[in-house]
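Summarising the annotation, TrEMBL assigns transmembrane segment to 104-125, 145-169, 189-211, 283-304, 324-352, 407-427, 433-452, 464-483. Per TrEMBL, active site is recorded for His423.
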Amino acid sequence: SSLGRVDVDHVITRKMQLIAEAEQLKPAFMKEVDSHFTEFVNSLVAKSALLDSSSSASLFPASCSEKELHKAKTLRAPPEHGKIFTARRSLLDELFEVSHIRTIYHMFIALLIVFILSTLLVDFIDEGRLVLGFDLLVFVFGKFPVVFCTWLCMFCATVIVPYNLFVWWAQGYCSSSHRVIRSLFYGMLFTKFQTAGLGFGPTYIAVSYALPPASRFIVILEQVRLVMKAHSFVRENVPRVLSSVKDKSSTVPIPRISQYLYFLFAPTLIYRDNYPRNPMIRWGYVATKFAQVLGSLFYAYYIFVRLCIPQFRNSSQETFNLRGLVLCIFNSILPGVLILFLVFFAFLHCWLNAFAEMLRFADRMFYKDWWNSTSYANYYRTWNVVVHDWLYYYAYRDFLWFFGKKFKAAAMLSVFTVSAAVHEYVLSVCFGYFYPVLFCLFMCFGMVFNFILNDRRKGPIWNVIMWTSLFLGQGVIICLYSQEWYARQYCPMENPVFLDYLKPRSWSCHMKM
């Protein structure tokens with residue numbers, strides 16, 4: 001200071017020096033924090049291993065020979081414990097507290113506003129008035145009473161049949177003199193319900209009533225969800241009954257019907273008698289999530305109206321050529337990626353979090369940071385944790401339990417096949433035709449990328465490769481399925497046979513026209 005006045009230039013220079021020094025210290029500080037965190041996690045793993053070894057020592061006393069200990073370690077124990085539920089928030093809820101991430105969310109809202117304005121202006125220029133109808137939404141969600149009645153029948157059947165079959169089997173299993181025959185009988189009844197009751201029934205209604213696409217999606221996705229829930233309930237509780245009989249327990253562990261009902265609504269596919277619960281319901285949070293689901297629905301509507309329908313409406317009338325196909329795929333990347341983001345945000349984040357909040361379900365890890373994946377193996381694990389957990393515990397681990405740990409590649413292939421078949425089944429029923437584009441992408445490119453882009457691949461370049469292939473895949477899906485949809489509208493069959501539903505119509509429609 002000079003005569004009571006502050007040298008402003010000197011203060012600013014000093015402030016800039018402090019900021020520069022802080023920026024230089026930041027990497028070292030983060031590296032130090034990371035190393036301490038790594039040491040902490042390693043110590044936890046070491047303590048866990050120590051606990052496992054101490055429990056093994058208590059199970060196998062010192063009098064056992066080394067040969068017996070080795071034999072006991074090589075025995076294949078059935079999968080137990082499984083997924084551990086704990087109270088945690090969804091990742092996007094945490095990220096949206098950062099202003100930079102929240103700005104990306106605001107950019108998507110701004111893009112929606114642009115779509116709405118462009119649609120209104122184009123309609124005003126063409127029609128001379130504002131067209132506020134939503135004919136596409138009314139069409140795809142049509143015949144809602146049939147959808148609701150079908151869902152109600154599916155849900156009531158899932159509440160009554162699997163629970164009562166399990167209770168009847170469990171109550172008489174201990175005193176039965178023919179336990180194997182009894183188990184096979186009730187197992188066949190449960191399998192018949194899964195395949196005929198939940199499997200064939202809803203599919204028949206969706207096809208025979210000619211439900212529109214979105215209505216079919218609701219029925220078929222609920223069908224798949226209830227099948228997976230019923231399997232988890234039986235799969236988790238049967239071993240408990242067998243264990244209680246083996247231990248000669250006086251009580252049979254049968255869950256209460258209220259616990260089963262809670263599980264049917266809970267946003268998880270892994271059954272537990274109890275889950276971590278939050279102390280209260282934030283109804284404002286629930287309303288926000290449902291509003292975001294509704295906003296995402298209108299977002300998808302404007303994407304189809306502005307980016308998809310104008311492109312594909314006349315594509316089936318044009319002569320098929322390689323140049324047109326390539327242009328179609330690359331023009332479909334933008335709407336395909338936007339639909340991918342909307343499905344993730346609307347369902348995996350908003351819808352599941354809304355139901356979790358209403359049920360006070362505290363474990364909100366429905367997905368992980370799949371956008372940071374440098375391998376497809378990690379992407380498959382983190383994109384949809386809810387479904388991945390079911391496939392991991394009831395398909396992958398049970399396969400290894402039955403056939404041994406040497407068949408890990410076969411177990412992974414079986415999981416990929418089941419997942420690809422179910423995805424293709426959902427699309428085939430909902431669109432009304434069989435066009436196995438998604439199945440081929442799953443089984444061919446998905447399997448190849450899963451082994452090539454594995455967990456050993458690190459670094460930003462692999463994340464770029466993952467995103468590039470994901471973009472191209474979305475473009476292929478949107479392009480080919482849309483072309484097939486319009487080809488079947490322009491070139492219908494008068495008396496179609498079963499094979500006509502399996503042949504791609506888009507390959508020959510332009511010839512007929």
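Backbone N, Cα and C define each Cβ position, glycine as well.
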> Thinking of Cβ pairs under 8 Å, which stretch from 189-211, 324-352, 433-452, 464-483 has the most of them with the transmembrane segment (407-427)?
Replying inline: 433-452
> Going along the chain, which residues six or more apart from His423 (active site) have their CB under 8 A from its CB?
Replying inline: Leu438, Phe439, Phe442
>> Checking distant contacts: for the transmembrane segment (324-352), what same-chain residues at least six beyond its ends satisfy Cβ-Cβ under 8 A?
In response: 90, 92, 108, 267, 289-290, 292-293, 296-297, 299-300, 303-304, 307-308, 311, 315, 318, 364, 366-367, 383-384, 386, 470-472, 474-479, 482-483
>> Under 8 Å for C-beta pairs, could you tell me which stretch among 104-125, 283-304, 433-452 has the largest tally with the transmembrane segment (464-483)?
In response: 433-452
